[in-house]
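Have a look at the structure below before the remarks.
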């Protein structure tokens, strides 16, 4: 991640920047599941929900502060500072972590890396991302290019499954995705994060056109949707620590979120404060899903597969986020027609003037799609098996220390 940041900062052209960002993404993509796996090594399952709430707090702080700092750096310093700042932050993180990491117990043996399986899965995922990004925008959904990419993604996916079933240590063990916990928790978490990311990407457009907010004001109006989710994560974390039926927190939370999305689909337009209140309720509900889904997955797999399962969960969440953004964009394009183009979404007025009434109609469908996703998430959490979580009293002494 740090090497990619340096290469991004000194990139002489856009191609180098893209390749450096890919390297940075590989490193950054490994940090997230690694941190969640380390948490699972040092605290018991019943306590992990609370630590996932801490994790969510840091995530939200970074999500809010990052764009603000990025804008300040680009406007008053230089765009490369966005990448240079990762070096002192990374050095500080390493200085804090390395002395402590040696004390963490190791529960796995050395394993061979399934490079072929990783290449097949990543290639399929990249093509899926391109389809979701380009479909309905650069190419029509029924165009030969999109059809060819879909076919290629399916072929690579089938090849990955075929290879995974025939190797002793696959990149992603297929049986890991079965059972009464893992697939339900992954899908529920994917629906939740997809809804949050999809609305976060598109709500600024709604704020600007319907309420006449400036770009900076629209950014601030996103805070209820993003920041308030921490409250839900904290509530779910406490429920997991002190109650037996921890799943109820997520069921209640995501049901509230689904009701809020349904209300927005039916009652839009609302006064701005009522819209922000509804989004706040939605965010609290969404926040309950994240710790419950993470801990449920980690609690359901063998200890040596916790890292693999956590990585697969984050991979699926990324795919669902891209899918949801693409679906919401497709809805807006279908309703608004030629008045909206990708790339000009957040620059309304530069080329196209979109009537507020048209935008209201379009977002009714967006909110309805969000309600469907959240209802699906609630159903999945209900169907997920609720396995007992071991408590602090069962933690080894060295972990407690």
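Including glycine, each Cβ sits where the backbone N, Cα and C put it.
Values in this document were obtained by computation on a predicted structure and should not be read as measured data.
Summarising the annotation, TrEMBL assigns domain 'Major facilitator superfamily (MFS) profile' to 1-387.
What TrEMBL lists as transmembrane segment is 53-73 (among others).
What TrEMBL records for 79-101 (among others) is transmembrane segment.
What TrEMBL lists as transmembrane segment is 113-135 (among others).
Taken from TrEMBL, the feature transmembrane segment covers 141-162 (among others).
Feature annotation from TrEMBL assigns transmembrane segment to 174-198 (among others).
With a threshold of 8 Å between CB atoms, the same-chain residues lying at least 6 positions outside the transmembrane segment (218-237) that come near it are 49-53, 56-57, 60, 63-64, 67, 196, 199-200, 203-204, 207-208, 246, 249-250, 253, 272, 276-277, 279-280, 282-292. Taken from TrEMBL, the feature transmembrane segment applies to 218-237 (among others).
Annotation comment: TrEMBL describes 249-267 (among others) as transmembrane segment.
Here TrEMBL flags 273-297 (among others) as transmembrane segment.
Residues or ranges marked as transmembrane segment by TrEMBL: 318-342 (among others).
Residues or ranges marked as transmembrane segment in TrEMBL: 362-383 (among others).
Using a cut-off of 8 Å between Cβ atoms, the transmembrane segment (273-297) and the transmembrane segment (174-198) share at least three residue pairs, counting only pairs 6 or more apart in sequence. The stretch with the most CB contacts under 8 Å to the transmembrane segment (174-198), chosen from 79-101, 113-135, 249-267, is 249-267. Put simply, of 79-101, 141-162, 249-267, the stretch with the most CB pairs closer than 8 A to the transmembrane segment (113-135) is 141-162.
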